[in-house]
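Below are the features I grabbed from TrEMBL:
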DOMAIN    32-372  domain 'Acyltransferase 3'
TRANSMEM  54-78  transmembrane segment
TRANSMEM  99-121  transmembrane segment
TRANSMEM  172-190  transmembrane segment
TRANSMEM  202-226  transmembrane segment
TRANSMEM  263-282  transmembrane segment
TRANSMEM  288-308  transmembrane segment
TRANSMEM  329-348  transmembrane segment
TRANSMEM  354-372  transmembrane segment
TRANSMEM  393-414  transmembrane segment
DOMAIN    479-700  domain 'SGNH'
Amino acid sequence: MHRLLGGPLLASDVLATATRTTDAVQKSVLRADIQGLRALAVLAVLLYHLDVPFLPGGFVGVDVFFVISGFLITGLLLKQLVAEGRVSLLGFYARRARRLLPAATLVLVATGAITVAVLPITRWGSVGWDIIASASYVQNWRLATDSVGYLTSDVAPGPLQHYWSLGVEEQFYLVWPLLIIVAGWLGTRTRHQRGQIAIENLRPWLLIALALVLLPSLAWSMYYTAAAPEPAYFASTTRFWQLALGALLAVAHSHLEKIPGPLAMITGWLGTAGIIGSLVLIDGSVPYPGAAALLPTLSTALVIAAGVKRTPLGPELVLGTRPMVFVGNISYSLYLWHWPVIVFATAMFPQPHFTGSILILGLSIGLAYLTYRYVEKPVSGWSALSDAPGRSLCAAVALMIIGGLTGGMLVNAVRTEVDRAEIQSLQPEPLLTGAMTLPQEPRSAEPEHQTAAEEIVPAPVVAAEDFPSCDSAKISETEVTTCEYGDKASDRHVALVGDSHAKQWIPALDRIARDRGWKLTAYIHDACPFATGELERKGRAYVTCMDWNAQMQDLLRNDAELSLVVTSSYTMSAGIAGATDDVAAMAEAFQRSWRPFTQRGVPVAVIRDTPAPDINVPDCVAVNSTSLTKCSVPRREAADDKGVAQLRAAGSLPGVTSIDLNPFICPAEQCPPVIGDVLVYRDTDHLTATYVESLADRLEASLETLVAAR
């Protein structure tokens, strides 16, 4: 990596000998109050992940970390720049590698090993890719990409999702040191007195560099969070401003020392109160980061700024106590360990319990201390590495490769099982599978549930991929996309409209369309029901869904060949703003969308929303293939309350027919995971495409009558 631009061209000659330094770079950057802030941040995140009810905003602890990081790292860079007249990128990245990679890689390797021992093979592939992304410091972009897809919300959380914040920091530090070097070089253009330069001559250029990062990132955070809150949460571009704000404090350090003591004390406590208020007042329904992130971010900045002028009655009175400093010292390792411990403990002991939470907390702290004591400190101070930055970077590359190989082994293990499942799928299919094995009236008598299966189709390891290949509009999108099936030249046009719970019916409808010579077009928007009204999702106006509905309905109203509209939607995908009776309000919204079609004589068929076991069925079946009843769910829990608003709307609007196929999904008092050797679900609430296709005959009779009548 040839000294990472740390050579004479950009670094060694950036500055002449500095005439004076600031106290910001003369003093140690290790402050007790900042260690206490670290403790507050990591404990907030940990308790939030343990579902402590009084900390709904515990996730903002990550924002606190970002500001602290920007302040401390920029302070170190400025210290070197002023004291040595250069910034060595080689040395900078070597120090970060020694500080971060050993503990991070240890947790990655341990996570890979424990995954094999604890989690079903259905989870190995996802964890493997998470390990690879985390080792490469791009886990935040992997999560941002996955979060756009509504279907991924049904996937159990992986043990390495928290590595996203590490990716954000390292991506920032790929850019920020370079800007400091450029600012230093520009500062030499205004030097005075025999080529020397004062720190004040650097500050304007540093402020310009900060503005180039902070202002666009903050503006983008506001916009992107409003437009697409799920991916915006993980995107580094929406977070850089928080690190830049911390950097601004380091640049302004000498001015902050001039704050009067009483004002510093008040400012510090106000900032502390702001952080605590963020933990209590902000929750998951608030678009984040966006404007809401200003409260914890600015509050953290106030605490750090006030701490420059140390006062005996400031927040350090609490933050600087020995327990807080201890937790602050191990905060990095504690952050790394706590989430895998929670995920694996939950997998082994699914029922939450107070004692279990205490044990998780204790185990996380214990592992963090051991890692800090025997990994973090020894490696960061190891002279064989610290005296040779190039050697440190070689070791860093080796550790990243080890992490990547760990993930690769998990992915390869799953690939072997997938290959076996694909070979199995080439075998001749039996005449009767899935729903075809059930009687015409499955609830007329208690059927005998399948308790074991040697060969399940699809195999649990590939079940997550057993869905229709149709690119639907994502939650943040408004463009109407379509997928066409059947006889595309037919004058009998059937439209399928709705969200992913409508999309899952494509395999059955496609077979029917091909058999009957119909043209089938799917209009699908993730998490967006076929409804007209003031829709909201997660407490926020669902503008993209409303816009998509309007465009889609305009297209269908102008379709002269339209013979039938088929729809279905997830019961909880959206609601009506301000509704006191959610079912009644949604029923009216459904009817407002359906009525224009029934009035012109186009029938509407509503497929009742399917049962939701709320357990990941493939995961369960993967470890219970010889005892499938362990994966059954009572019908009253999974099915009885599904699609009530749709059924009410269909029952009171002429021209609308409701179709209930749930008796073929939950044929008795239990909803079985496997019927006729076919896996029923591919996650917690979506049917496998294989099982849906086995329902085609049950669906065909109802639809044929409606199309024939048209």
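From the backbone N, Cα and C atoms, a Cβ is placed for every residue, glycine too.
Neighbours and distances for these, please.
Residues of the same chain lying 6 or more positions beyond the ends of the transmembrane segment (288-308) and with a Cβ under 8 Å from any Cβ of it are 24, 31, 33-34, 37, 57, 59-60, 63-64, 66-68, 71, 221-222, 225-226, 229, 232-233, 238-239, 241-242, 245-246, 248-249, 252-253, 256-257, 259, 264-265, 267-268, 270-275, 277-278, 281-282, 314-316, 319.
Counting only same-chain residues 6+ beyond the ends of the transmembrane segment (354-372), those with a CB under 8 A from a CB of the stretch are 46, 50, 103, 106-107, 327, 329-334, 336-338, 341-342, 345.
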When only pairs 6 or more apart in sequence are counted, do the transmembrane segment (54-78) and the transmembrane segment (393-414) reach 3 or more Cβ pairs under 8 Å?
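Contact between the transmembrane segment (54-78) and the transmembrane segment (393-414): absent.
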Which residues, given as numbers and ranges, are at least 6 beyond the ends of the transmembrane segment (202-226) yet have a Cβ under 8 Å from it?
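Residues 81-82, 175-176, 179-180, 182-184, 186-187, 232-233, 235, 237-241, 244-245, 247-248, 251, 287-291, 293.
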Taking 172-190, 329-348, 393-414 as candidates, which has the most Cβ pairs under 8 Å with the transmembrane segment (99-121)?
393-414
